Amino acid sequence: MKTLFVIGGARSGKSRYAQARIEALPGRFAYIATAQARDAEMAGRIARHQADRGGLWSTIEAPVELASAIARASTRYDAILVDCLTLWLSNLMEAGVALDRAFGELNQAIGSCGSPLALIANEVGLGIVPDNPLARAFRDEAGRLNQQIAGTVDEVVLVAAGLPLRLK
Amino acid sequence: MKTLFVIGGARSGKSRYAQARIEALPGRFAYIATAQARDAEMAGRIARHQADRGGLWSTIEAPVELASAIARASTRYDAILVDCLTLWLSNLMEAGVALDRAFGELNQAIGSCGSPLALIANEVGLGIVPDNPLARAFRDEAGRLNQQIAGTVDEVVLVAAGLPLRLK
Amino acid sequence: MKTLFVIGGARSGKSRYAQARIEALPGRFAYIATAQARDAEMAGRIARHQADRGGLWSTIEAPVELASAIARASTRYDAILVDCLTLWLSNLMEAGVALDRAFGELNQAIGSCGSPLALIANEVGLGIVPDNPLARAFRDEAGRLNQQIAGTVDEVVLVAAGLPLRLK
């Protein structure tokens with residue numbers, strides 16, 4: 001495994017799949033979290049996931065500055081998991097960051113990452129068109145981001161009901 | 001076919017696919033329906049589906065007590081179709097039933113079912129995150145249930161546009 | 001390629017995939033657009049897509065009368081792309097057109113089309129059940145239409161994150 005992109009729906013088992021792929025490698029691992037603990041629901045979810053991962057993993061928070069976090073982690077850890085790009089996109093849009101530039105920097109960080117790297121994203125475009133224009137814009141950008149990352153990495157896996165389906 | 005789990009979106013053809021798989025077997029079949037006819041839209045849909053299935057099928061209603069319905073049906077029918085787990089989950093949550101226990105009982109019923117058994121569920125996690133916290137919780141539990149069932153059964157098929165894609 | 005049906009989520013890369021499949025063929029191509037430019041968001045999107053396609057393509061607008069547009073285009077172009085059936089369905093429902101008849105006419109037009117023909121549709125049934133009854137009805141009809149077209153054509157491809165997955 002060099003670079004792996006795991007996509008899937010909510011609670012599809014994509015994080016567990018990606019984590020297992022990383023843990024099959026030797027060494028110490030960086031878990032780059034893009035989530036921010038803003039409310040009790042989110043804080044509880046983050047804490048549960050961190051406890052589940054156990055001692056081989058170090059957690060690095062990178063809600064916005066993802067490319068530089070990947071570059072730094074690649075010099076200190078044997079493999080890296082980014083979970084997830086969809087929350088990162090949400091953070092970028094909320095902060096008003098220019099997306100094209102941020103996407104480009106991420107792509108570059110993936111291309112020049114020396115360690116095995118897995119990235120996770122949600123597939124959010126398979127439901128009814130949202131009424132809310134912001135949700136529509138988010139959905140469009142998430143699809144654009146997923147296409148771009150899928151084009152960059154070596155391997156793409158769609159996870160459904162915990163089961164992997166290789167797309168690339 | 002021993003145990004089959006069919007997942008897919010709304011109107012993806014998953015029921016028709018699962019039904020055809022059961023009808024390829026010899027004997028008499030139990031259709032375990034988790035739907036409840038609460039309004040005209042739902043009643044019409046249930047009646048249409050029942051008429052479509054025809055005389056080889058007996059319909060058993062099990063909106064909540066699914067594990068025991070499977071156990072009973074396995075002693076009286078040659079094959080069983082459960083349609084669907086996503087409505088069952090919705091019924092459980094509405095009734096305030098403890099999910100972990102209900103999921104565990106279902107898993108046990110699947111494991112000890114002597115007859116060929118097909119179970120259907122919706123994939124509901126591939127759209128935009130719902131605004132409604134209840135819808136988010138439902139989506140999370142549906143994903144968790146689907147992963148668990150997929151881990152238990154022998155065969156998992158994703159249906160899209162009426163076409164099957166084998167995941168396991 | 002004779003008849004191809006490409007399904008996928010919003011911004012999944014399905015149009016680009018279908019367009020590339022058509023452009024691999026020799027000759028001049030018809031792009032049958034079902035979109036209507038009703039607001040700035042839509043007009044911008046249509047104009048961008050038209051500019052992206054370039055000079056080999058002629059754009060034909062067919063928001064409702066799709067079957068006859070396909071029949072006419074098949075006599076004048078070497079290959080045809082219909083983008084997309086989901087917007088067409090939305091237009092039909094808004095105009096109060098009888099769906100069974102329109103679906104039947106489309107199916108016939110596909111069957112008797114002399115030129116290679118690719119049709120695109122959105123998969124919209126993989127999210128949470130919409131609150132809105134109209135959205136539910138739309139989702140049901142979109143699923144029914146997708147199943148019908150998938151049954152008619154020679155090849156069906158699901159696109160996710162820009163990557164094709166052959167279903168038929």
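Start at 1 and count along the chain as shown; that gives each residue its number.
Placed from the backbone N, Cα and C atoms, the Cβ positions cover glycine too.
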Annotated companion of C:GLY8, C:GLY9, C:ALA10, C:ARG11, C:SER12, C:GLY13, C:LYS14, C:SER15, C:ALA33, C:THR34, C:ALA35, C:GLU61 at the GTP site, TrEMBL, chosen from C:ASP78, C:ASP83, C:ASP100: C:ASP83
Where C:SER12 (GTP binding site) sits in the secondary structure, as DSSP reduces it to three classes: coil
Around the Cβ of C:ALA33 (GTP binding site), the count of other Cβ atoms that are within 10 Å: 22
Candidate with the highest Cβ count within 10 Å, taken from the binding-site residues C:GLY8, C:SER12, C:LYS14: C:GLY8
C:HIS49 (active site, GMP-histidine intermediate) and C:ALA35 (GTP binding site), Cα-Cα, nearest whole angstrom: 11
All-chain count of other Cβ atoms within 10 Å of C:ALA35 (GTP binding site): 18
